[in-house]
Each structure stands twice: as C-alpha cells, then as structure tokens.
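Engineer: The following feature annotations were taken from Swiss-Prot:
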type	residues	note
TOPO_DOM	1-44	topological domain 'Cytoplasmic'
TRANSMEM	45-65	transmembrane segment
TOPO_DOM	66-97	topological domain 'Lumenal'
TRANSMEM	98-118	transmembrane segment
TOPO_DOM	119-1728	topological domain 'Cytoplasmic'
REGION	141-167	region 'Disordered'
REGION	285-368	region 'Disordered'
COMPBIAS	293-303	compositional bias 'Polar residues'
COMPBIAS	326-336	compositional bias 'Polar residues'
COMPBIAS	345-367	compositional bias 'Acidic residues'
REGION	406-436	region 'Disordered'
COMPBIAS	406-424	compositional bias 'Polar residues'
REGION	454-488	region 'Disordered'
COMPBIAS	454-479	compositional bias 'Polar residues'
REGION	596-660	region 'Disordered'
COMPBIAS	599-609	compositional bias 'Polar residues'
COMPBIAS	642-657	compositional bias 'Polar residues'
REGION	687-756	region 'Disordered'
COMPBIAS	729-756	compositional bias 'Polar residues'
BINDING	854-987	nucleoside 3',5'-cyclic phosphate 1 binding site
REGION	1034-1055	region 'Disordered'
COMPBIAS	1036-1049	compositional bias 'Acidic residues'
DOMAIN	1422-1586	domain 'PNPLA'
ACT_SITE	1573	active site, proton acceptor
C-alpha cells in the first residue's frame, strides 16, 4: 500500500468528520424550529435530512457488500489452489512411496457384488413396475365403504320409503289427498308402530283393490265405515247384506259348505269327459235328473244345509239330438244351472266324509278343517285364512254391492236379488237393515235419498215381513258385543224361512273387521257413477286376471269359464229376421262375383286388427291363416250416411212413434218376404203383453211358476226381429234382464218403437241398428237402465229437513238384545243458521267435487255411436277366428252360420316335452254357437286373451265390434260397466264363485318380501305380472330352528345367501312345499312391482279331494318343474369301455369361494351369474341429464330385433298416445299397469326409455317396471353419482343393474372403469359400447360458427359426397405425400371437420348386437383351455372364427388360454394381439432370460420375474374390467382349496395366477391366499361360462392327452427294475410313471373329469386342434403352432356348416344397425 492511497483515505475520514457536526446541527436547529413553531426553512431542512438518510443507508450497504466480496474471492482462490495444485501434487509425490497388492479372486468377487447390487437396484426400480399393480388389499373395507355410501344415499329417502311401505296408497292406488287426510295419523315417527297407524295401514292395504279413488269419493265411501270385534270362534255369515269387510286385526277363517258326495262326483265327472264329448252332451245326460219351473229357475225346498232337488212341474222333456247346440229354435229349453246341479242329490247319498260317524267330535272336525253348525245348519270346510290387511269379501261380492241397488230400482217389492252364496231366492234372510239398505238404495237411484219420518214409519209398518223381531233372530246373538253371551243356543227355525249362506267366516283369533255398509256403495253409485264404473272396471279386470286366468292356465277349468258364455247365449235371445240376414249374405255374394273379396271388403279397422297382433310367431301364423280364410269385411261406415245434427238430436224424453221405411237395395231375386220390403217395419217385435213382459203387480201377487215368460218359437221367413230375454237360470237374476220383462208400457214403448229419420232408413242403417241392439242386449243394456235421472248427482237432499241415522253396530240384526242399540242422529248442514259472509267464505274455500256427465249419455246416443263401429265379416268354413291364449279381437254376433267353441289341451305323454309343437295339442269342442248367438264375450270385456278357440263350423256371417271401440264406448257410457257386472255375476257357476272366494290377489312393491325361508307353506302362487327373485341361505338349512338374533350373525348369514333364480310372468311356485307339507325352502323377494294370485293350501286340498283331475294336473306341473330343475344337477352317467370305467362325471369340482376375499367384484357375489338373464323388461336410465338416451335406445331396440327378439320401445310419448285422454288423469296408473302387462305378453322384450326429467312420473314408472336397469354414462365424464342414479337408489328396487359406458373410440383408458365401479356396489355388470356422441354435440355447435366457417363446412359437406370422394381419390394419386399431408393438416386445423373414429371392419362385432345377445340370454362364449405352448394355436382358431363371421360376447380361459383370451378381450381385434403373443413367446423361449431367473429350487425353479414382466409387457396397467369384451379366468386357491374366478383386478396379475405351473413358477400371493394354475381344477371352464348365460360356447382344448395305458407290475415295485425297464427296448411292460408324473396326474384328476363333463354340456362346440406333437414349453415354434390352429379352425368350421351342426348365431346375418352414420366411422387398417 503506497502513500497516495493512505492520503486519500485520510481525506475521506476528515470529510466525514466535518459532515457529521453539520448534520447534527441541522437536526438540532430543525428541532428548535419545530419547538418554536416558526422559521421559513422548515420544508427545505426536512427535505435535506431525508435525502441524507437515504444516501447514508445505501452507502453502508454497498460498503458491506464490497468488503464481503473481497473476502469470499480470496478464500475461494485459496481453496481451489489447495485442491487442484497442492493436494494432487502431494498425492503424486506420496504415491511413489506406497505399493498395494489385490488378489484376482477378491477383484472378481468385488465386481460380482457390484454387478449384483446394480442389477437388483435397476430391477427393483426400473424393471419391476408391475409390482405396483397389486390386488386391491382392502376389498372388505371397500365393500363396506360402498355399502355405507349407499346407506347414506338411502338415508335421504328413509322416511319417505318407510312411509311408502306402510302407506299402501303411495301414488299407485290412492291419491295424494288421501295421504294428506291421514297425515295426522301417519305423520308421526315411523318407529312408533302404534295400533292406530297399524289399523289404518291394514285398511288402506285392503281397500287398494278398488284402485285409485278421488278424495271425495274415498270420503263418501268410508264415512259410514263400522268396525266390529269378533271373539275367537264367532261366526260371521257372508252375504251381500254385510257389505265390504276387511280384516284389520287378527285372523279370520273362511269356510265353504261341504258339497254332497253325489253332486261332487257328478260334477267332477262332468269335467273328466272324453275329448269328443261337449258340455251339451253333459247337460243332456243330466237333463232328466233336474227339472225347472217356467221361470227357468230351480226351487229347492230341502232343509237348510241339505239341498235335495225335486221336480216342480213334473214334465221331463227329452231331446232327440245327439249334441245340444245353441240355435234359435232351441232357446226355449230350460238348461239346469250348475248351482242346481251341485245342490241336488238324493236323500240316500251320504256326506263327503261318509267314513266319519255322526258322533265325531267337533274338535276332530276342526283338526281336519271342518266345522259343523248346530240345528242341522250344515257342515263347512276351511277354504282360506284371511290375515290382517286383506279383504274378506270376494270380487263377485264387491260387484254385487254395486249391482244390488239397481235391482231395487227395477223391482222395489221383489223378494231380493239373490246372492251367489244362497241357494233359494224365496228363503233369503231379511232384516231391518237389509230392508233399509234396499229402500235407501232405491231412493238413491230415484234421486230421493232423504226420507221423511212419515215415509220411514210407513215403510216399517207396510212391510212387516221384513221386520222380524230381533229377539227371535238366531243371528242376533251369534255376533255380539263383548257384554253379550258368546255361545247361545239357537232356537228352532220352523217359524221363519232362513238359509245359511254357503260361505261363512269364523274368527280364528280375536279379530277386528272394518265394514263398509252396502248403502255406502249404493250412494257412491248414485253420487259418483263414473267413479263407481271405474271401480267396477278394476274389479272386473282383477276377476279376469286372478280368478279366470288362474282357473284356465293353472287349474285347467277352461270349461267352467266357457260355460259362462254358454249360459249367456242360452239366457238372452235376440235373433235377426231372415230378410236382414239375406241382406248381409246377398251383398257378400254380389261383391264376390265382381272382384276379389279379400281386397274389396276388408275395412281399415279389420286390417288394423290383423297388424296389431304380430307380436310373436304364433300370432303371425294364425293371422296369415285367417287372412286367407277371411273372405270379406264390410265396412258399413262407407255407405251409411252421416247423421245430421238435427237427426242426431231427435231423441227426446218423449218417444216419437213413427214408421220405418226400409229400401231393400241388394235384391236379385224374389222372396216370400219381399212384400214386407215397402211396408213400415220395426226391428223389435210388437209382442203381446204376455210374451213381451208381465205386470210387476202380478209378480207381487203370484209366485207360482205360471207367471213366467212364454216359450219362444222358431223364427220364420220374413219374421220381424224379436227381443226376448230369458230369465237367468241362476237364482240371482240380473235386473237388466228383468227390465226387458217389465210390464211398464211406456218403457217398452220406448224400446220397441224408436223412430228414425229418413236418412237412416237404408239397409245399412237397419242392419247396423239391429246388430247394435243385439249386442247391447247381450251386454244387459236397455233404454231403462242406461238413463240418468236428473238431479240424482246434485248431492243435495231434496228435503232440507230430513235427517239420517248412522248405526253404530255392524248390522242391526247382529246386535245383541242385551246391549241397547246406540243411534247417532245427524242433522244436515242446512239446519245451521250462519251469516251470509261466513257462508260465502266457506263456499270459496271448499271446492265441491262433481263429476262431469254429458247429457247425451243415454241409450239412443250410445246405440248410434256403437252402430258407427259395427262391421260385417265373412269367414269360410274351418277358419280360425280367434285362437286360444291370444288377444281377443272383439265381440262377434252370429248373423248366419255356426261357430265352434273349442279348447286345446296337451296330451299326457307330451307334457314333459319342452320342444313340443302346438299342432300336437288336442282340440276339444265345448259347444256350438248358431245364428243369433254371441261369441268373444269374456275376452272383449277387459280386452284380454281368449280362453277358447273360435272356429267357423260353416260359412259364417258375423257382426263384429272391435275391442278398441267397445272399450272406448264403454268408457264413455260408463253405465254399461254396471250392466256388464250384473250379467257376468249372474252367469258364474258355483265352482267359480268358490274359487273367487278363496283366491287372493296380492300386490308387492319393489324389494318387498313375499315369504322368508323357513316360513310355513300356506299356499301356491301364480305370477300375474312382475318378477320375483328366489334366494336361499344354506346356513339356515343346516340349523332351521336357530335363527340369528344379533346383527353380526345376520350379516354373516346374508353374505352366504345365493340367488337361485328369477321367476317371471305366468310362472308358479310353492307347489312342492304344499304337496310335501314342509316349510319354505327359499325366500321370495319382488324385483319390481308384482301382482300375484295366491291359491291357499286349504283350497288346494279341497280341490284335490273334490276334483282329482285338478290334483293330477298340478302334480304333472310339479313333476315337470322338478324334472327341469333336476336335469342340470342330476348325476351324469359314467362313461366306460367294457367293464373298465374311464370317466366319473359325478366328481365335483371345488366351487368358487363365496367369501369376500375370494370374490373379485364390486357388487354381489353372484353379480355375474346370468343363467336366467332372459329379461322381459329393460329400462334405459341415464346417470345424468344430457345423454343421448333415445338414440341409444333406438339402436338397442333395432339390435334386439336383429337377434330375433320381438321388441318394442316405450317412451313417454308412445305411452301417452296409448292412454289417450287418461294420459294426465289419475286413472293412468290403472291403464298403464294393464297396458304394460299386455305388452309383456305380446313382445319378448319391452324397453322402457327414461327420456323425461328426473322428477317426472314416467321416470319413476320406468324404474318400477324394470327387470334390468341399464345405467347410461359417458366414459370420459366425471364418475360421480348422478341425479337419476339417486332416484334409482331411493326407489329401493332390487332389479338387476347394468352399467353401460359410452366411448367415442374403441379403447378404454386403464383404470377408468374402476373409478366408475368402486363407488357403485349396486352395479352387477358393465359393458363398453362405442357410441360416438360428438356428432350430436358438433351438430348443435354449427349454428354458432361464423360465415367463413360455414363456407368451409359447405366444402366439407361436398367432400363427404360420392362425387367429392371420387375427386379426392383421383387428385390424391397425382399429388406427392408431402402436399397431401399439408392439405390434411390445413383442413383439420381450419375447417373443423368432425372427428372420425375407428370401428372394426367385421359387422358381426357390433357392440349393440353383443349387448342384445347378452341381455336376451343368447350370448356366444369362447373358452380357451390351457396347455402351455400348445395354446399358441388359439390364435389360429380366433382367426378362423373371425373369417367365419362368428361374434364373441364373452371370453374365458385357463393358463395360456387366459393369456390369449385376455389379449383378445382387451382389444376385440386379432391384428394387434398377434405381435404381443409372438413377443411373449420369444421372451419365454429365450434361454438366457430363463437362466437369469433361476433361483434355489425350494418352492420353484424360477423367481417368476421374467415371466411376470413378459405378461405385464403385454397387458400393461390395464384391468380386467377395462377389457372391451367380458372376460374371466380361473385359478386354484391352494390355501382355501377352492377354484377362483377372476373378472376384476389387474389383468397381468390374475393371468399370471392362472398360468402359474407348480414347480416352475411360484404361486401368486393374493390377499393372503396362494394361487396356482387353474388347470388343476378345470382346464376348460365351460360350466362357468354356461352359468354366465351363454347359450352357445366354443370350447378349444389344447391340453395334453392323458396316458391311460393299463399298468401291470404286481403288488410291489423295485426302483432298479423301473430303470432297467426304461432302458430295455424289448420290454413288454409300459414305462412306470415317476414320482413327479404321479403328482402331476394326481393334480389333474378333477380337471380330467371336468373336461369330459364339458364335452357333454348342451350348447358346447368342442374344438381339439392336432397339437399332440408339441411340448408344453415349445414357445419357440410359434409360427408352426399358429398355422396348425388356423388351418384346423377353417376346416373344422367349414365341416360344421356343411354337416348342418353349426349353431344359430343371432344377428350374424344382419347388417349393421341401420341408423349408424356411415360417414362418421372409419375402419381401422390392418397393422399392428
């Protein structure tokens, strides 16, 4: 450092010293200035000070940095010089003085250690990435989390669902207003199961049989409801006077009177006749035994309980005809009713239990199901047991409650309309209540409900016969209050006429019944006639489905049902005169001369009918046959002039009696009746009063047989048509028929002398009106009972000062005389005097419910509308008009000709043949309908299937009314349903009435349990519509008496529950338990809303005793069912050669474990078991809104049709169009249920499309109707639970749920499917479908583009045309590749063309066809067996299958088959897997790789790393659920000794487990279990594939051939001799297997038997390539083995086709789905 620098530093220091005092001085002066508050330099001084402070701060910082930098630089320079100069120099110098010696061995060992450590490091870090792809460790916890999440999802709907189960009126049966009305009762805590809520629930459960009820209707129906308590043992007589009874607490036994043995045998013999016999021959054989009065009724004057018929008029007529036929000349003959047949017997005939002595105790009777009543009132047998929540009244009793009031109107003083339970109409018991009910009902019909006290007193005094003393009534003590005597002695019944009904109820326990009295139904019918008709329609439908259908299909009582139509034709008489018949016949003949009758006469309506019933092949054959025979159909609407407004309104209350001029247009010849053609004619015969009717006063005075209708004579030529209604041969005669016989001249005048305008007086109008009047007559409709009296629906009493009495007791005659009767007197609201203001306010708040009834709903208007729909049809002889068990077409009135009514039965030797042809059925003629008769009556009432077949016996001319028109008009003129109910109930036979009392209608909501395993079997069930799942718990079978009590045991038992199957519409179950008197062997749970018919065990036993034919029929059905179930599980025969057995097919394979650690699935353990996956109803439900549901459904429906399934798709639009005006009505639920049940019968598959918002009722309907729910989701969307899915969970449905993931491209991102499935434990299966949705999105985005983009899109559209493609192809040949690539990049960047995705070239690989085959139970499976390198031939078999166009829907494999099958299932394409398999074979055949993998042979010779890596290189991170095609592989669990089936998890891991050959590879560890090769238990898993629902299976076996050479070496064996024997070429003894070979054979014992069983499995195509010359480890011969498989596959499939053994491949001959956009998909080129 020099002196200049020192001087410079000293100057700086001195300068700083001079500055500091100045700074301090300035600061001090500044402070003084501030203190003084004055000074002009304050601002300048402050600014100077701030600048100085900033300068000083930055100076200090810079000084510190400069000093630190200088020190760091000097230090670093020193360290670098030390390391680079001094230290190396020291090492070099010192190294010259040090000497190190290392031996070569140490060097080699050191290098080996370094190499091994490096290799293990690289192997563990880089080459073992597959180890991270382990199995899901916490499977149990995952499932528990899923269940918890599902429970959380259900938690939101817990209260609503609990209320839904308890309130049976939830949106389906009763209105929401009903919920509101009872919200005070049910609105409390659901956990409090109080008696009151239970009572209301039971009542609502029973009243649901009425269907939907409006709130005012429900209030009026139930406001007079009573409750009655019955002590145990008390007996309730069931007749119409009781009303509608419901058991709300306890149990009630229903008893039916025991039929006498003689009658029983006679009747049973009637229905055990030969096929050639008919009902007419039966009746003719019985005719001499029974006689009738001139009324056509039977008077049984026997004692109560013993009905011995005798002749009344003494004349027994005999017929000379061989078979009685219904013809116009024989309708005056009296046919005995079945009621009389069953109630007549000789005095000498004993009871059914004649072996029992009269001294048999009552307890013995009760033990056998019988009870006896005192004083000879009869013996009764148990029919059914009614529990709480079920109605006591039968369906016919309910109909009688509505129709009985009408009888009171027509005959106020009659003896009473007879209940079906009574035998004698004269001796019907009457009481004060019954009288008051009848007169009240009569007043209701006349619009005068309120009675003055004078009228009431007059009624009680003027009818003393009906007011018998209550003290003398034996029934007044039979059902009494708690204070009365319980068992009084009955007084003798000589003083009064009294009969016990045939059906009684006895309290099995202390019970409570709720009763709606009959006057409530009478008032309901008068006040709300439309609602009453809806109830009647509901009851008629249930009567048809429950009673008729069960009797027809299950019990075989078709003749009983057909007898109803026989009685109708015998009872009602309406025949057309000959001149009208000639009009019809001549017109058909004229048309036949000029033109083809088939084309010229078929009306649009009839052609529509023919096309509507092509749902199945049977209907197609029938309709095609009928279309050939149907010669002509005359549409009268073409020629009939339209009525003017003036002519259509001419009908007035006062009839106009004008003449009727008919112009006969079609006469081509002269007939004797031509003189009458220009004479005023009436279609109704002007008969004398004695022939037309009788004065009602005369009937009051006379009850003798002379007061009957005269017999009808045969129609003569030119005779006018006559209306003559026969009285019903049953005792309960309908009022609609008695109306025609009344002596009221004004009414008869209105009917017989209806005037018509001049426009109507044509031949068409005459024929039309005549046919309509005939059909309405058969329906029980006339002008009197179709009129609506004015003021009857006003709802206000005619006399404001009247009052009504509401009885407290059940029936006034039943009340005990000891207890005083309490009467509540109620005054009308008019008695209260309120202010006008309050009255107006109350009137505004309350909206009065009033049904809108058109004033044109009278007989004449109905007749005119019916006439417009009448058609004339002509059938040739032998034409099948209506076939049995097909939809009835409508109502037929026979104008001329004969129709045979036949029924078809299956012969006994064919009942077990499931493949029988329908032509082999026996046909039996029941009766014949001649001119003037009616056909198709029952099937047209509810528009359902016909129970019989109608065949034209001769050329037949009929008047036809289509069922669509009949249903529409009956719905408009709703009073027709009342008349139909009257007619139908009067025609039912006693046996049908007994069935109606005993059969129960059950309705189950989704997830409801019908019965549990271990419950007593109390009946047989027949599924009317819906679906049930059968569950079985093996643990409960082992210990049936010990049931788990705590939650843990219940959970464990639930895990072991297995699904045995599912039952659909028309199937029955429970017969085995009832026949064997054992408990239920399984549980039944409703998959969706289900309706069932229950045949009680007591009824079945009763029918078995009375009618053995029914018992035989049911036994055959049970035997057939058991035989069908046992064929799959029966012991297969042992296949042997001579006396040496070769295969024992009964050796069982270890089943797949059902525990959670062995089940690799996200759902149930049986999620993949689809052996009965023939779903009838499928619902397509999106997970969230915005998905193309309709487009997807359209493709799926089209695919179903291509695979041969008759399918219909339903969305909200099609359903609303069917419902018509009821679309938004509360009646839509009832209409929907019938419509859906009908579609399930017409079509094999019904697809419900949920195309509405989530809160829509249609969405809920789709979920409730589904056997299988398909959840639609877009694969690349978020896997969160959508709003539709939450609705599905809230519905608590147990239907099978499938997830469909839609992909734009035919590839799946690894792990993507798991994200969808792990949070959805309710999903049973999933599918990957290619469905390009960008087309829909891009089409909507075109509108938002600008003008330039629109021009480019126009160019793009031109390119897509055919001309544009040709031009583009020609240009592309001339341009170089570089220019073409530039143009393509430009177009893709600027023109925004639609993205094009790849689809497979082969059409049979269509994803929708694959989904349709799986859902319809027609899936095609491929099973690839194990065999080491021999399995490389699988690739050649796959190539042959693809070239043949055979699709594969499911793939399964073992060992090498699992590897090849997994690769094929992953891509579903042969080209990309070829290279992967070849690469894997090269790695395995590499000697150096195998040597590098050797280890110490304790467990195996290799570590398995190279093998694992080879598999992982082929599959990567892909999981099995990511495979495009469904796939599974098997393995052997040596820890649990079971077979494992893997369909979820990482693919490489379980494929490796299936290929783990013992000794060569170590077992795969999976959740604590060791897995080995699946070939040890089943080398060809065909049975698993069969259990998954595959109908056709191609099984490829490449295993080694078993050495079955017989050995003979004695009882001891020397090892040295074995070695010498192997070396000796001249030895005759075969080589003895070594220990290793014996162990291998021992391991494959189960597999060998499984293979033989798989070969004999139906539907399996066994393929065995010639690969015996190749060893297990010959992977180096890839090309050779592959070619062997390809060549053999082509030859094998070709031979199958030539020999006709190739199975039918559904959809193989169909083109691709027609609506796929061809320009939207591209085909993948054939390159790896």
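Glycine too: its Cβ is placed from the backbone N, Cα and C atoms.
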Engineer: Look up residue 939 (nucleoside 3',5'-cyclic phosphate 1 binding site) in the DSSP assignment and reduce it to helix, strand or coil.
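Structural biologist: In three-state terms, residue 939 (nucleoside 3',5'-cyclic phosphate 1 binding site) counts as helix.
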Engineer: Calculate the distance in Å between the alpha carbons (Cα) of residue 956 (nucleoside 3',5'-cyclic phosphate 1 binding site) and residue 1573 (active site, proton acceptor), and round it to a whole number.
Structural biologist: 74
Engineer: Where among the binding-site residues 905, 939 do you find the Cβ with the fewest other Cβ atoms within 10 Å?
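Structural biologist: Selected from the binding-site residues 905, 939 on minimum Cβ neighbours within 10 Å: 905.
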Engineer: Would you report the average pLDDT that the model assigns to the topological domain 'Cytoplasmic' (1-44)?
Structural biologist: 48
Engineer: Please report the number of other Cβ atoms within 10 Å of the Cβ of residue 922 (nucleoside 3',5'-cyclic phosphate 1 binding site).
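Structural biologist: Other Cβ atoms within 10 Å of residue 922 (nucleoside 3',5'-cyclic phosphate 1 binding site): 12.
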Engineer: Please report the number of other Cβ atoms within 10 Å of the Cβ of the residue listed as 'active site, proton acceptor'.
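Structural biologist: For the residue listed as 'active site, proton acceptor', the 10 Å Cβ neighbour count is 27.
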Engineer: Could you state the CA-to-CA distance between residue 888 (nucleoside 3',5'-cyclic phosphate 1 binding site) and the residue listed as 'active site, proton acceptor' to the nearest Å?
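Structural biologist: Cα of residue 888 (nucleoside 3',5'-cyclic phosphate 1 binding site) to Cα of the residue listed as 'active site, proton acceptor' measures 60 Å after rounding.
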Engineer: Which residues in the same chain, at least 6 apart in sequence, have a Cβ under 8 Å from the Cβ of residue 973 (nucleoside 3',5'-cyclic phosphate 1 binding site)?
Structural biologist: 786, 857, 861, 862, 865
Engineer: For the topological domain 'Lumenal' (66-97), how many residues does DSSP put in helix, in strand and in coil?
Structural biologist: 30 helix, 0 strand, 2 coil
Engineer: Provide the number of Cβ atoms within 10 Å of the Cβ of residue 888 (nucleoside 3',5'-cyclic phosphate 1 binding site), excluding the reference atom itself.
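Structural biologist: For residue 888 (nucleoside 3',5'-cyclic phosphate 1 binding site), the 10 Å Cβ neighbour count is 25.
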Engineer: I'd like to confirm something. Which of the binding-site residues, 905, 922, 939, has a Cα closest to the Cα of residue 1573 (active site, proton acceptor)?
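Structural biologist: Comparing Cα positions, the closest of these binding-site residues turns out to be 905.
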Engineer: Determine, from DSSP, whether residue 888 (nucleoside 3',5'-cyclic phosphate 1 binding site) sits in helix, strand or coil.
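Structural biologist: Reduced to three states, the DSSP call for residue 888 (nucleoside 3',5'-cyclic phosphate 1 binding site) is coil.
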Engineer: Tell me the coarse DSSP state (helix, strand, coil) of residue 973 (nucleoside 3',5'-cyclic phosphate 1 binding site).
Structural biologist: coil
